[in-house]
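**Student:** Take this structure first; my questions come after.
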């Protein structure tokens, strides 16, 4: 859903590999009759954002979602384009269509049915879809992204209709570039890729994880104005270890166990090289929902050679740190004054912890002291240098402490007395009432973030957090929770959604042609997001601004990222713009309809010049 279909348009059919130029023998002409060409026309007739009028027929304005305006075509447009009579007599404005969309989507009670309606809308009318999404993001964010997108991934084999992204399978190794060439858009600037191994908190969904990159890139457009044709969702399908999927007759991916080891790494290497070969070195590659054991490896491996980031690590970190910055207004404390305990030691937890360390260092704290203030728990208990079970591989070792091992989370909380408790474990109910009460007893204003997605995997609910701390908690979650009423006050807990971060970062990176993405950009994004929080947001119980303001947040983040890119010499777009806001705004997608009429203009009257009399041609050559 929500991205460019991979069916080639008219221009691609005519120009690919010089096919049109090769058609010269008279014996081939009967096969290229007008009827055959008409039947062969693809789903999309245009590529890029510059339409060549000679390549588009009138009927294409109805068939192609990028051109279609539904009943908003004027009488003149209908008559000139030759589509008059193909629609009823009613003329509607885009505003009237938006009202109809709202009525239609609200008729459905099941979130998955709303998801399918929005998918169908995008397949019919691209501009209407993105404007509807961007102007109703508070209502539609839970549909196009978590939690409903998780259900859509689980049902992907049942609801799949048409291609909305690129599937690159392990069987394509050696030919990944050839697969990349099949995508009809020549100017892709942002790719979101997953191998489906760790979809939200749902585990290995294999090729069914396509819903994640599709949803992410829809938010790139809706929230940051990145042009949809510049976005490409990709699944690298190397199989799945989910037995239920392997035995499911509706599963659409490779029916085999996951490829691992050297073969897997070589496959991903080939994929990265193919992206650069096809779209250029500055193509943004966002890694999404890879397994913990691969996410950090790939980030460390590629971050200095490609324009890439991992949203589960860096995006989650930025939105969490923004919440911590905002909490300063309540507690009056800085990051260096907190003691942190992370429940979970995967990519999200490590990413947040690393950015917290960077934030403390920016406040003047020595890096060793910053690490000492962060404790972490994995499935085997507290990360310590002396524990006998569990591993301390990768980035975990930075947070292992030289203290006695402990395995029980309630005991750990009671002993360490953290001021900040962050859940990134995908373990529902991990924060028991006793743990929440202990946090409340040890802190005047305990900070508790239950960040696991979807809602069913959250460590605790907002209601549990408020009730067990006498409403003194500073709470944030990864998925939305309903308001909580205690006494005569209602709290509206904020959702620490990555969508506050990655669209703005993506916009700044794409527009500047940034080579590599340093962590500094995510710390800047966190600060910009925290700066956008108003006192009224804090008063209502939220550490984040309303989702309705997220487009303004994205622009501020993009401006900060743009400044960083030029200051650090990472940008490749020159000259550096002086008015960065206007420069960015000039490159945004237009959600409003444009005229479907070809541009016409007048010529001046030709001056009169008397011409000579005509004379016969003389063929003699002397």
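Just so it is clear, glycine is given a Cβ too, placed from its N, Cα and C backbone atoms.
Curation plays no part in TrEMBL annotations; they are all automatic predictions.
Here the structure is a predicted model, which means the values were calculated and not measured.
According to TrEMBL, the protein has these features:
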DOMAIN    122-303  domain 'Malic enzyme N-terminal'
ACT_SITE  145  active site, proton donor
BINDING   198, 453, 497  (S)-malate binding site
ACT_SITE  216  active site, proton acceptor
BINDING   288, 289, 312  divalent metal cation binding site
DOMAIN    313-566  domain 'Malic enzyme NAD-binding'
**Student:** I want to check the contact list for residue 145 (active site, proton donor): same chain, sequence separation of six or more, C-beta distance under 8 angstroms. What comes out?
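**Tutor:** Result: 215, 216, 219, 497, 499.
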**Student:** Going along the chain, which residues six or more apart from residue 312 (divalent metal cation binding site) have their CB under 8 A from its CB?
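**Tutor:** Residues satisfying the criterion: 198, 287, 288, 289, 290, 295, 347, 348, 351.
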**Student:** Measuring CB to CB from residue 453 ((S)-malate binding site), give everything in the same chain under 8 Å that is also at least six residues away in sequence.
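**Tutor:** Counting only residues 6 or more apart in sequence, the Cβ neighbours of residue 453 ((S)-malate binding site) under 8 Å are 146, 147, 150, 200, 201, 426, 478, 479.
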**Student:** Restricting attention to the domain 'Malic enzyme N-terminal' (122-303), give the mean pLDDT.
**Tutor:** 96
**Student:** Which value in Å gives the longest Cα to Cα span across the (S)-malate site residues 198, 453, 497 as recorded?
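**Tutor:** The span, Cα to Cα at its widest, is 18 Å.
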**Student:** Looking only at 198, 216, the recorded positions on record, which one has the least crowded Cβ, with the fewest other Cβ atoms within 10 Å?
**Tutor:** 198
**Student:** Relative to the mean position of the Cβ atoms of 288, 289, 312, the recorded divalent metal cation site, which additional same-chain residues have Cβ within 8 Å?
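**Tutor:** Nearby residues not in the site list: 194, 198, 199, 212, 287, 290, 295, 310, 311.
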